[in-house]
Structures are given as C-alpha cells and as structure tokens.
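Notes follow once the structure below has been shown.
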C-alpha cells in the first residue's frame, strides 16, 4: 500500500465538507457581526465596503447589507474627489455585475444598480442596455432584468421603435417568451396612439394585421405554447365599457329610487358622487347598496320622501347625475302609476361584446378561419379551442350560440382539469345570450331553465325583471348579487343543488319562491327570507329539511308572514 495516494471514503468526504461549511459559516457570521457593529458605531468607511463585498459576493440577497453599502457610498460622496469617486463607482458597477452572475434574479442587486446609476451625473446607459441584452441572452424570461431594461430605456429616452426591434430579435430567436410579448403590448400603443382608444390602447388596422401575422407564425410553430395565445388575446382588444347609467327605476310603493351602472362604483368615496334632481330641484339622499354593504356595487338605491311622490301632481321627473362618469339619466313617474323607469336599449356590443373589440369584423372573421384551420391540424389544442369560442363571441354571440356550445363540449373533453372553469364560462355566455334575447323582446320575464348553468352572472342587468326561472340547472347557491333584482316577484329554482339561500335577501317585491328538489338541509338556511316582506308562497317540496320532524312548525315560526309553505 506504500506509495499509493489514500482515497477518502464517503464518510470522510462528508465530514470534510461539514467542517468546511462550518468554517465558512463562522467567517460569514463574524463578517456580518463586524459590519453591524461598525454601522451602529457610525464607522461608515471603505472597510465596510470590503466586508459587505465578501458577504454579498456569496449571497447577493442580503438586503440589509445593500442598505449599509448605500449608506457608506453616500458618506464617501462628500469625502472623495471626483476622480476617486469615478473609480469607486466603476468598481461598484463591476462588483454588481459579479453579484448578478451569482444570482441573476437578485432583487437587491438590481435595485442597488438602479440606485447607483440614478445618482450619477452622466450614466452610460448604452452600457446598461448591453448588460441587459447579455443577461437576457442567458435567460430571456428574467423579469428582474426586463424591469431593469424598462428603467434604463425610460431614463435614456430610448425610442419605443428601438425597443420594439429588440423584442423582435428575442421573439425570432424563441417564440416562447412571455416578457417580450408583454413588452410589445406596452410599446405598440406608444408607437401608434389612437384617439379615443381608451386605456387599453387599440391599434391601427395595418399594424394589427402585421402583429396577427407574427403571432400566428408563433402558434402555428408551437401551438401548445401559451405566451403567443395570450398576446393574441390582447391583440383582439379588451376595451373598457363607457361609464354609463344603464337603468333608472322609481317605485312609489317602496318610496325608493334605484340606479344601475355599467361598472361597480363606491358612492361617497370622494371620486364617485351621485346627484339626485327631483322636478329639477336637488334632493339630498343617503345612497346604499341592495345588500346594505359599503363596497363597490353596480346597483345603488335611496329612499324618497313622500313629497317627491305626491300623486296629486300629473308627474314627477327624476334625474340622477353621475359626476365621475360624466353621465346622467332621467325617468318620469306618472300620476296613478306605481313605478317608472328609463333604461338603455342596449345592443350586444354595448352590453357584452366590448370585451373583445376590434373595429373591423373582417379581421375577426379571418382570425376565426385561421384558428379553425389550426384546430383541424391540432384537434386537441385547448388554447386554439378557447380562442375559437372567444372569437365567435366577439363576432356574433347569438348566431354562433349552438356552435359555441359544441366547442365547449370538445374543450371540456380535451381539458378535463378545467371543467369547472369551463362550465362557469359557458354559463356566463348562456346568460349573456338570454339577456340579449330578453332585451330585444323588451319583456320582463327571463327563462333560464334547462341550461345546465353552474353560476349566475350579470345580475345587475336584470333590475327590471319580474319573473325569473332558474329550474333544472346545477346551481349550488343563489348569489348575494341577486339583491339587484329589485322588481322580482316570482323566482323559480326547482331541481338544482341549492344548499344556501344567503343571496335571497332584501327583495322588496318577491311574492313566490319555488325551491322544489334542492339540497336545503335545515330550516335555519331560510333565515335570509325574513328580509323579503311580501313573500307569501314558499315551495320546499323534495328538500331534505322537509323530512325533519317538526319542520312545518319550525318554518311557520321562522316565517310567520308567509301564508303558504309547501313541504
């Protein structure tokens, strides 16, 4: 054995590594303690820079030590000559780059570099752009570096066209680049500002067509990559609806005025103010939500004094002015009438299709044909299927209703993990279609039975509905937003899976509630119905609570004003 090199056993190697780690830890802790002691004593000199360099060079994410470094550099700024300071800054930039090589996603390092360059009289921004390009070449999804690049581009006033060309180069190299696609969505509206395009920034048609060609190349190259599909969704546009008062309703019986808005707002929050004019005279009122909660809502209402509802006059005019939205609506309550209202005769574009809004329907039609072509090649691509559905919704939701439902079935089979989400999205679209049909027919009755609904949306659109049929669906609860249905008189929800009635509250006109064959377990779940003053008929047949002993007596005690309770 003599003359041969001894080979360490695995146990010896592990022990040696343990001792090495312990030694490094002792040095690390000693250096850290020394830095803190010097900082506490106010000894902010170059020795602190040296000590923190040793620690941060190994662990760039020690935020407190970056703070110490900044304190030292601020101290040295007033002590050093310009030449010495330039040498110090050059060394600091080099040290920061070495830290980024250790951890390219170090928050503290990137922040410190921003801080340092912001204090320089003439920073070399071209060098910083080159540094970003180098690090993005290593990892094009490093969002820390992308944030820093946007900072540098803003400070250096880099033209958006140059930055767009930079994203071109990265996307050409690798289509799967979320950050590059996102940066394009920020740059294009700057390059091509459109009047009245809103905060989302709509693009001119020629630019849009060019971008659509680019993104089509991406998802035809790799149909399963999500980044291009998300950018495609942005290109189609998501315009915000215009601020508007959708509906104004006055009830003489309830001595109440109700307003429906195009978006949720918080009245009395300083920004959102409602002014009520009755017969051209301002009336001070207290605004509240139907649920009585102080939070943003589509629906706001107020109580009216008896003088504003005097039936001796031929009519009363009510006008609500929304100051933040610069919108108003007026309705008339005629003598002898119990209610009056005014609502928008909204088209589908105004109500729902603003979510996908491209000026030219030919562009949408072309996109739909391209996606269908891709779907033939990739029949199980979920992104393609979802995009086809959204394009059909954008083009004509009623014309494509049947075809859309077929695509939903295919999509659920392809992507069963998101079946619940797809069921809810399908329910949302079906409810939108039903609301559109009701609007066109100008009726106050809405039939949503046998549609396999799993969720209720857009209830703020149903302020004037008097009869609502939700029978034979898959609803598990009636949502609090149901309180928006201030005119509702009859609610049918047979044959669902309803377990809770928390949403059936404060419905001033509700007279009949049909809940046969649901999953109501205990009489206590009916407590919310005590807030519905006109409820006279309640049908609970086929619910588990009907099997409990003494349930009829308990229900009669809980709801004494309900004259007919069927169990």
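Heads up, the Cβ atoms here are built off N, Cα and C, so glycines get one too.
If you check Swiss-Prot, you get these features:
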- 44-78: repeat 'PFTA 1' (REPEAT)
- 88-122: repeat 'PFTA 2' (REPEAT)
- 98: phosphoserine (MOD_RES)
- 124-158: repeat 'PFTA 3' (REPEAT)
- 159-193: repeat 'PFTA 4' (REPEAT)
- 207-241: repeat 'PFTA 5' (REPEAT)
- 363-397: repeat 'PFTA 6' (REPEAT)
- 442-463: repeat 'LRR 1' (REPEAT)
- 464-486: repeat 'LRR 2' (REPEAT)
- 487-508: repeat 'LRR 3' (REPEAT)
- 509-530: repeat 'LRR 4' (REPEAT)
- 534-555: repeat 'LRR 5' (REPEAT)
Just jot down the residues in the same chain as the residue listed as 'phosphoserine', at least 6 apart in sequence, with C-beta under 8 A of its C-beta; none if empty.
57
May I have the DSSP-based helix, strand and coil counts for the residues of the repeat 'PFTA 4' (159-193)?
28 helix, 0 strand, 7 coil
Long-range environment of the repeat 'LRR 5' (534-555) - Cβ separation under 8 angstroms, sequence gap at least 6:
508-523, 525-526, 561-567
Which one of these stretches, 124-158, 207-241, 442-463, has the most C-beta pairs shorter than 8 Å to the repeat 'LRR 3' (487-508)?
442-463
Which residues of the same chain, at least 6 past either end of the repeat 'PFTA 6' (363-397), have a Cβ under 8 Å from a Cβ in it?
205, 208-209, 212, 216, 219-220, 223-224, 226, 229, 232-233, 236, 348, 352-353, 355-357, 403-404, 407-408, 410-411, 414-415, 418, 429, 432-433, 436
Which residues, given as numbers and ranges, are at least 6 beyond the ends of the repeat 'LRR 1' (442-463) yet have a Cβ under 8 Å from it?
246-247, 249, 258, 260-261, 298-299, 343, 351-352, 420, 423-424, 426-428, 430-432, 434-435, 469-476, 478-479, 481-482, 484-488, 492
